[in-house]
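**Q** First the structure, which I've put down as structure tokens, then a few questions once you've had a look.
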Amino acid sequence: MVTQVGINGFGRIGRIVLRASLSNPEVQVVAINDPFIPLEYMVYMFKYDSVHGRFQGTVEAKDGKLVVNGKEISVFSERDPAQIPWGSVEAAYVVESTGVFTSIDAASAHLQGGAKKVIISAPSGDAPMFVCGVNLEKYTSDLKVISNASCTTNCLAPLAKVINDNFGIVEGLMTTVHATTATQKTVDGPSNKDWRGGRGAGANIIPSSTGAAKAVGKVIPELNGKLTGMAFRVPTPDVSVVDLTVRLEKGATYEEIKAVIKKASENELKGILGYTNDQVVSTDFVGDAQSSIFDAAAGIALNDKFVKLVSWYDNEFGYSNRVIDLLAYAAKVDAAAQ
């Protein structure tokens, strides 16, 4: 069964979700909506990418449609999600990747146009959040709007789950050293809600807030209230790294911690949580489809109950692959429930 998908918002995540969908035979993107990007420009934006390189397939505009690898994708340009005719192209599942419609109420507008399910590619204040490898078993087919959480939560949660399951986490602090994103300014500019966030992205390390660590408590209830965190935005275009410092319930050597993470990466979390012993740097992970790659050589332990763990993630590509994985999983559960 191939699940037909619509994408609302053809920005960084929307475009990379389309790229990711091409390597999953269970999913086919049949429509894209973006009121700000004309069709010819869509072709250009999809073909060329400063981070992920030139698209290694064919892309063209033909008869008002975007044609990728010979397959036609309908293009809409509605500003109001309720007006997008998803039903006319049988796009049952919609990826909401504008970054604007992130609540259940706002994202539900897609249902009026014929969509059956909406996956928000961002954290949500009220939509249930799912992280592949962590809490997918809690998904039920009656849910109409769900969230794939954030790229940072997708990196942190699998690591936190392994540590908590094996040793117990008493409490912890997370810092993500995070690549620049589209909401930042190229040079100093106005940003009333976040003064630091208005400073030039290319010239600064910018302290910022993130709800990623607290969100782990929503997908792993046992960790609710035990983790919080912050971010440093840095002048790199892609790939971020989580620094998780935790106090453990059960003492363990760093070697023992590495062993359980390696085991999980080869078994139940294969493809989600990676493991490396190499002397890696951020660009080594551009295009890595995993949610989180544990850097065994970078972590440190003060004693057997207080450790710092380091894990990398391609905040664009890894996350976009999980959006597709979550969607495909939901479609299977929904089909079985019918």
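Even glycines carry a Cβ here, placed using N, Cα and C.
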**Q** Among R79, R233, R247, find me the residue Swiss-Prot lists at the same D-glyceraldehyde 3-phosphate site as S150, C151, T152, T181, T210, G211.
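**A** Of the residues offered, the record points to R233.
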**Q** Where Swiss-Prot shows R12, I13, R79, N315 binding NAD(+), which of D34, D105, D278, D284 is named for the same site?
**A** D34
**Q** Could you tell me the maximum Cα-Cα distance in Å between the residues recorded as binding NAD(+), namely R12, I13, D34, R79, N315, rounded to a whole number?
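**A** Among the residues the record ties to NAD(+), max Cα distance equals 27 Å.
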**Q** Quick check: in three-state DSSP terms, what is T210 (D-glyceraldehyde 3-phosphate binding site)?
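**A** In three-state terms, T210 (D-glyceraldehyde 3-phosphate binding site) counts as coil.
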**Q** Just checking, which of R12, R79, H178, R233 (recorded positions) has the fewest C-beta atoms within 10 Å of its C-beta?
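**A** The recorded positions R12, R79, H178, R233 were compared, and R79 has the fewest Cβ atoms within 10 Å.
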**Q** State which of the following binding-site residues has the fewest other Cβ atoms within 10 Å around its Cβ: S150, T181, T210.
**A** T181
**Q** What three-state secondary structure does DSSP assign to R233 (D-glyceraldehyde 3-phosphate binding site)?
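**A** Its secondary structure by DSSP: strand.
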**Q** Which of these recorded positions is closest to N315 (NAD(+) binding site) if you go by CA atoms: H178, T210, G211?
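**A** It is H178, whose Cα lies nearest.
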